[in-house]
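Inspection log for the structure reproduced underneath, given as structure tokens.
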Amino acid sequence: MKVILLFVLAVFTVFVSSRGIPLEEQSQFLEFQDKFNKKYSHEEYLERFEIFKSNLGKIEELNLIAINHKADTKFGVNKFADLSSDEFKNYYLNNKEAIFTDDLPVADYLDDEFINSIPTAFDWRTRGAVTPVKNQGQCGSCWSFSTTGNVEGQHFISQNKLVSLSEQNLVDCDHECMEYEGEQACDEGCNGGLQPNAYNYIIKNGGIQTESSYPYTAETGTQCNFNSANIGAKISNFTMIPKNETVMAGYIVSTGPLAIAADAVEWQFYIGGVFDIPCNPNSLDHGILIVGYSAKNTIFRKNMPYWIVKNSWGADWGEQGYIYLRRGKNTCGVSNFVSTSII
């Protein structure tokens, strides 16, 4: 493999050197291709290289922003480094913006005595309620992963059994809608969806299938293949959680992992640390799952509080598939659209 890589590097170096492209960028691009097994057609090769070079500049800029904000956030070359910003949004984010409408059910605020008694750190992964990180692929189905993650947690807490549930069941079969300002926001597979709609589908459908019986394909199927004999979990209702991060922590401890929506545009090159740079809390374009919270010391701050957020971009992204979001500042709108199913 090393011999092949060296040969490709030599050929590529001769090709791009005539165009005045720095050798360092050439080397980085070839290392990127090797690490992430990227294959391009002849026509696509230079286009991807140009995007990669542009993204190197963006990564440098993001790291400077993090330093200026005394943030622990780290950005770097990852598997998305050959995608333009528009491609990243189209492939991996949700084109159904999450909006908290007045007709959605909302849970009560928790008792102050209970809130004051919750632990300083809590993680449902260590308690067995969280399945391994999944990968939505180039399909805007994040909403389905956020939903299944929540229901998986609720089912575990209720039945003491962790069952991986089928996102594809939702992608193919869920066409529920909610209304906002006279317009319909419907679940449309890879074209986006919302967790409240998905909960309603599961309730009306009498359950959701297991992952093993209805595996994920990263594309919207031409038909629904639901089989009631393979139901993995059922729910009876759902509720939104008040827009309050202290209350959110209480509900995580008392009820389980929470489905949320957030602004993830700046997550493209995230590789680690606590995300704490400016983003848009009013543009909720990605569905994810909060599984716990904690705090850490950084070079800038002691006891930095953060949320532990499970993503659906594979375990080779971020912190082994997770992102840590600064807690207490409504980072990226983390508290604006929070929900949980009810068994």
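Backbone N, Cα and C define each Cβ position, glycine as well.
Cys190 is paired in Swiss-Prot with Cys139, the candidate among Cys139, Cys142, Cys279 named as its disulfide partner.
Of the listed cysteines Cys224, Cys279, Swiss-Prot assigns the disulfide bond with Cys332 to Cys279. Separation of the C-alpha atoms of Cys142 (active site) and His286 (active site): 6 Å, rounded to the nearest whole number. Closest to Asn311 (active site) by Cα-Cα distance, out of the recorded positions Cys139, Cys224, Cys279, His286, Cys332, is His286. When the C-alpha distances from Cys279 (disulfide bond) to the disulfide-bonded residues Cys139, Cys173, Cys224 are tabulated, the minimum falls on Cys139. Across the structure, Cys173 (disulfide bond) and Cys190 (disulfide bond) place their CA atoms 12 angstrom apart. Cβ neighbours of Cys190 (disulfide bond) (same chain, under 8 Å, six or more residues apart in sequence): Cys139, Gly140, Ser141, Val171, Ala218, Glu219, Thr220.
In the structure shown, across all protein chains, Cys332 is the one of the disulfide-bonded residues Cys139, Cys332 with the greatest number of other Cβ atoms within 10 Å. DSSP classifies Cys224 (disulfide bond) as coil under the three-state reduction.
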